[in-house]
Amino acid sequence: MSEPIRVLVTGAAGQIAYSLLYSIAKGDVFGKEQPLVLVLLDITPMMTVLDGVIMELQDCALPLLKEVIATDKEAVAFKDLDVAILVGSMPRKEGMERKELLKANVKIFKSQGAALDKYAKKTVKVVVVGNPANTNCLTASKSAPSIPKENFSCLTRLDHNRAKSQIALRLGVTANDVKNVIIWGNHSSTQYPDVTHAKVKVQGKEVGVYEAVKDDSWLKGDFITVVQQRGASVIKARKLSSAMSAAKAICDHVRDIWFGTPEGEFVSMGVISDGNSYGIPEELLYSFPVVIKDKTWKFVEGLPINDFSREKMDLTAKELMEEKETAVEFISSA
């Protein structure tokens, strides 16, 4: 057995974490040979709930789980981390402007970025889930100058999986038969789910998605809208936001960072845009297609971008530029 790794989950008393913690602890993310110390951070009023979560994790009797630490203190939570999964954020309240939401979250992620900088390993991999995820991730990274920018990513894998599954449902295949869908941009309703480069296995043969679906107006219309609005649709139906699917996407995202992407396949994640070849402005946390090897991601290069895609990619970049400007203002004043 190797040395245990330290994995932090924030917002640990929340519903995404409730689905996520079990998957991590049983070895779905870091493998069945990798022992773990799980660190759970939440706000002080949630500590009693966290006691219950710890009881349940103990009662799962999991062989890989060496220790569980619950805390409301950043100095404890961020110490010597190998992986930080930042799920906790200020949720949007009824009638709240996006700007107010950004401001509240800048405060949280500035503080957590500083804690990462001060206490975590410099090799720590940081995944931001709490919304607005892209800009929260940028805030944390800017507040942790001693940790490489490339170590920070935000979750757009849920959108990626949603896009994959919509295509699979449409064609009556399994999600596994669909690969190389792309989510460009922000994890918001301006995101651009792009299947121009995606492939699907139909009757044992791999073909382009456009060729297989044979319905361009659906692919350029309802398909995109369904994926963009899916989070809202789940809330409308369940009266709660996506938790099971979000936890599954986090597992996929982190497992790919840890073990790499399969040969010939790429995935979507929000990463720093510096050095991209797709005309996206530098210093944005933007979702791109990436391949991962040795725990390091690289942009998928050289994909031809048509006019339809260009417009959608620029639109979501514009929203991220605006969010970034607002956040930077708040960072300097927070």
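Using N, Cα and C of the backbone, Cβ positions are placed for all residues, glycine too.
If you look up TrEMBL, you'll see His187 marked as active site, proton acceptor. Taking Cβ-Cβ distances under 8 Å and a sequence gap of 6 or more within the same chain, the neighbours of His187 (active site, proton acceptor) are Asn131, Pro132, Ala133, Asn134, Cys154, Leu155, Thr156, Asp159, Gly270, Ser287.
Annotation comment: TrEMBL describes Asp42, Asn105, Val129, Gly130, Asn131 as NAD(+) binding site. Val129 (NAD(+) binding site): 28 other CB atoms within 10 A of its CB, across all protein chains.
Marked as substrate binding site by TrEMBL: Arg92, Arg98, Asn131, Arg162.
What TrEMBL lists as domain 'Lactate/malate dehydrogenase N-terminal' is 6-152.
The feature domain 'Lactate/malate dehydrogenase C-terminal' is assigned by TrEMBL to 156-330.
For the pair Arg98 (substrate binding site) and Asp42 (NAD(+) binding site), the Cα-Cα distance reads 23 Å.
In this record, NAD(+) is bound by Asp42, Asn105, Val129, Gly130, Asn131; the longest C-alpha to C-alpha distance in that set is 16 Å. Summary for the binding-site residues Arg92, Arg98, Arg162: the Cβ-based neighbour count within 10 Å is maximal at Arg162. Remark: Gly130 (NAD(+) binding site) has Thr10, Gly11, Leu86, Val87, Gly88, Ser89, Met90, Asn105, Ile108, Phe109, Asn136 as non-local neighbours, by Cβ distance under 8 Å and separation of at least 6 in sequence.
For the substrate site, whose binding residues are given in the record as Arg92, Arg98, Asn131, Arg162, the maximum C-alpha distance rounds to 24 Å.
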